[in-house]
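Contents: one structure, followed by commentary.
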Amino acid sequence: MVTPLNIIFAGTPEFAAQHLAALINSEHNIVAVYCPPDKPAGRGKKLTACATKLLAIEHDIIVEQPINFKNEEDQQQLAKYNADIMVVVAYGLLLPEVILNSPRLGCINVHGSILPKWRGAAPIQRSLEAGDKKTGVTIMQMDKGLDTGDMILSAECEIENTDTSASLYEKLANLGPTALVNTLTIMAEPDYQASNHNIAQDDELATYAKKLDKTEAELNWQFSADELHRKIRAYIPWPVAQFTFTESEGKQHRLRIWQASVQEYRGNADPGTIIKADKEGIEVATTSGSLRLEVIQLPGKKALAVKDILNGRSDWFVVGSTINKLG
């Protein structure tokens, strides 16, 4: 029988809330939930609680919302919970060493990649962009480095050719909670010793998943069709891959791409040239192969299948014309 652990949970979005729900339903005790202060949201800029706070309130769990942990009073407040362990999932705040060392078993983190690959802020997006065939979650012991701590447990899943960041996020949100509970089962054993179980990361194999910037969404047709397809999938639901269409009179429109597919093309059209436009989609030449745009979004409109857009805008997508790179 597992000895229940007293846990401080720190996390913010729905992804974190799904992990918190698994802990609430486990044999362990959640002594407090930490999340950032409420933020203005919506048109009315009303202060809105994050997903983890709402779940904690629903289950009568104490909620703490420090701005950061630079304040000694906040550090002491956390220590008063006398937690066995702190679980961190998409929290968004840096933890100083005094916090990392406060719980008896330290702090563990659920990271959205198989470490040491894709350390950093955007592991899901970067794994898609790179064309990885597998990804997963790693439960690691946190240290003062960026995702450099020893690995306790990992779980893998396949990346399908149709996966987007949104669908892969859901896969990991289903994978992570089980991996987390299994990790806590290991750590709750009376004879658990990190030195006998944890595995150090090989820094030479590490890659960095830098935070996404909205400027990356601007498609450059000098990439191959395969590379562009991966970028489109990686940038859903944000920032969404985009290109600019220029009308004959010079007016520009920014269009977003929500679905596309790679096609074989062995012609010599310049990259960015429309080589086909029909109910199947708008096919654009690249440096290698062609990209068929299947679902796009016009400015101020909802995303639609290309066949529906061509009914009213066929003059925009004439075979032989060129789609511009943004900027």
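Each position is counted from 1, following the chain as shown.
Cβ atoms are placed via backbone N, Cα and C, with glycine included.
Swiss-Prot lists SER113, ILE114, LEU115, PRO116 with the feature (6S)-5,6,7,8-tetrahydrofolate binding site, giving sequence analysis as the kind of evidence.
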Quick one: which residues besides SER113, ILE114, LEU115, PRO116 have a Cβ within 8 Å of the (6S)-5,6,7,8-tetrahydrofolate site's Cβ centroid, in sequence order? HIS111, LYS117, TRP118, ARG119, PRO123, THR138, ASP147, MET151, SER154, GLN201, ALA206
At a 10 A cut-off on CB-CB distances, which of the binding-site residues ILE114, LEU115 has the highest count? LEU115
What is the one among the binding-site residues SER113, PRO116 whose Cβ has the most other Cβ atoms less than or equal to 10 Å away? SER113
